[in-house]
Every structure is written in C-alpha cells, then in structure tokens.
C-alpha cells in the first residue's frame, strides 16, 4: 500500500507490540525496521534502520503504563523520523495517557493533558489519531489535526451478537458518562439508566443511587476507562441490589492497574469487555471474566484513509 504522496511507514514503540503487528497485517505492510531501546542509565535510544525520506510515517504507541517512558519513546521516535526527512508524521495513540488531567482539579494544579499535547506537537508530529478520548474537548488541546476514533461500532456488533436486546439496558456508571451511554443505547435501541454516586456528608462512604428501573434487565455498563475497577464493581453491586438480572461492562481502555483484575474477577460482574488499546498484563489475560475486543482493523482502516487523503469520520456515519 502506498500513500497518496509517498510510501507508508509504520513505526512501533514498545507500548503494545502485538497491536502494532496486527495493524501492520491489516494494512498488508511490514513494520519499519527500528531499534527502540534503553541505555544502561535508562535513557531511550531510537534508530530508524531503513529509508523513510518522503514517507507518510505512522507511529503506533499508546502512552499507557509506564506512561512517562512510553511518552518519551513517542517523542524521540518523532524526532528521529523528522531528522530522517519523513514527509508527514502521524502519532497513532490508541490510548492517550494523561487524558484524565484535562482540567484544573484544584488550586495550583496543572492541565497535564494540554501540556502533553503541546509536547507531542512541538516534537514534530503533524497529525494525531487516537481512540475514545476521555473528553472530546481534548481534541482542541492539539494545534494540529486530530482524529478521535470510536470503539462504539465494535461494541455494538458484539452486543447485538451476544444479548437479547429486548431485555437489555445500557447503564452509565456515573453522571459524567451519560452522553457516552446514551449514544450506545440509541445505537442498539435500549433503555438507559444511571448510577449516581455521592456522599451525603463529609467522611461518609459513597452511596450508589440507581436512577431508573433495572429490575429483570441484563445491564451493560459503558465507560471509556477502567482503572482500579472500584467504581465498576460498586455499580454492579448497586444494580444487582436493585434487581438487575446480570451485569456486564463494555469499557474501551483497560488500564486495570494494581489489583484491578482480581477485583473484577471477584465481583458481581458477569463479564468485562475491553479493547486491546493497552497491552494487557498477565493478571488481566488470565482473568476468567475479562474479554478483549481487537481494534486493529478499525485503526488499519483509519490509517489507510488518512494516507489516501480520504474521510476518516465516514467510518462512523
């Protein structure tokens, strides 16, 4: 496959080699030969080992754990490509770390998502491609074209294959995620409910209030990120207590840090479905009730359209 103005080069960082290889296979292209390694003092060294002059280069790199290492890899790969005369550089970020720091959380705190966007731009990236940003307005943090892909079509197909939609309800695990959950509920034509967590008084435990009648329904919790898993597990408990038949969860990015996998395994969640935007840990891979939806085909299609100067948004029309 060739780009409209030059050949396509796919360069993989170390964040998710399996996903990078699957994307390359989907495009029927090899990964560009490159070395991304550490010196003894843990400084990062990058060497592009083939000619990329005039190419349309795509760096495949999630800024997931360890986020700072993977971010630095991205920046240094970008610099290497820029100094090797790549015509255009697109950063393909299946998971954009620091996205949850998209506003000041208190006095004298940073907006780290904006800082990271600036770093990526200043390093020499011409375009960004990412998946299910934590907040849509983060697209505006970049001063370069940014395509935010959506995992919803993949989830919709999986849900339609698996569930009786007449007995299914989509659930937002918090008030902030209502728009995302409503969008999915509309796509599969099911009702919507909300789990509202709040503290009645300072120092008291959070109370989970279910807004909507979930009795007898198979409930599907929808969100963009699952990290510790605490909110998800507590929401599942609240839904079961209100008479839900079963509780499933469809979450785009499985950060699943610390003991999250064990927490999910021992919870009332029937199944957690995540994408492979983040390389799963051994604990996540072995968890009996965590399943992965592959996103390589979606990203491959988006890369092909970008290289051919075709519409990416039409993938989701």
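Note: Cβ is positioned from N, Cα and C throughout, glycine not excepted.
A quick note: this is a predicted structure, and the numbers were derived from the prediction, not measured.
Listed features, source Swiss-Prot:
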- 197: active site (ACT_SITE)
- 41, 42, 43, 100, 101: ATP binding site (BINDING)
- 134: Mg(2+) 1 binding site (BINDING)
- 174: Mg(2+) 2 binding site (BINDING)
- 199, 223, 227, 228, 229, 230, 231: D-ribose 5-phosphate binding site (BINDING)
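Feature map: annotations from Swiss-Prot on the structure.
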residue: 41; record: ATP binding site; Cβ neighbours (10 Å): 5
residue: 42; record: ATP binding site; Cβ neighbours (10 Å): 7
residue: 43; record: ATP binding site; Cβ neighbours (10 Å): 10
residue: 101; record: ATP binding site; Cβ neighbours (10 Å): 17
residue: 174; record: Mg(2+) 2 binding site; Cβ neighbours (10 Å): 16
residue: 197; record: active site; Cβ neighbours (10 Å): 16
residue: 223; record: D-ribose 5-phosphate binding site; Cβ neighbours (10 Å): 23
residue: 227; record: D-ribose 5-phosphate binding site; Cβ neighbours (10 Å): 16
residue: 228; record: D-ribose 5-phosphate binding site; Cβ neighbours (10 Å): 14
residue: 231; record: D-ribose 5-phosphate binding site; Cβ neighbours (10 Å): 19
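Here the C-alpha separation of residue 101 (ATP binding site) and residue 230 (D-ribose 5-phosphate binding site) works out to 19 Å.
Site extent for ATP: among the recorded binding residues 41, 42, 43, 100, 101, the largest C-alpha separation is 30 Å. Each residue contributes its Cα atom, and for residue 174 (Mg(2+) 2 binding site) and residue 231 (D-ribose 5-phosphate binding site) those atoms are 9 Å apart.
With a 10 A radius on its CB, residue 134 (Mg(2+) 1 binding site) counts 21 other CB atoms from all the protein chains. In terms of Cα spacing, the recorded positions 134, 197, 229 that come within 10 Å of residue 100 (ATP binding site) are 134. Listed binding-site residues: 229, 230; maximum Cβ neighbour count within 10 Å falls on 229. Annotated pair residue 230 (D-ribose 5-phosphate binding site) and residue 197 (active site), C-alpha to C-alpha distance, rounded: 12 Å.
Residue 231 (D-ribose 5-phosphate binding site) has 197 nearby among the recorded positions 41, 134, 197, counting only those with a Cα within 10 angstroms of its own Cα.
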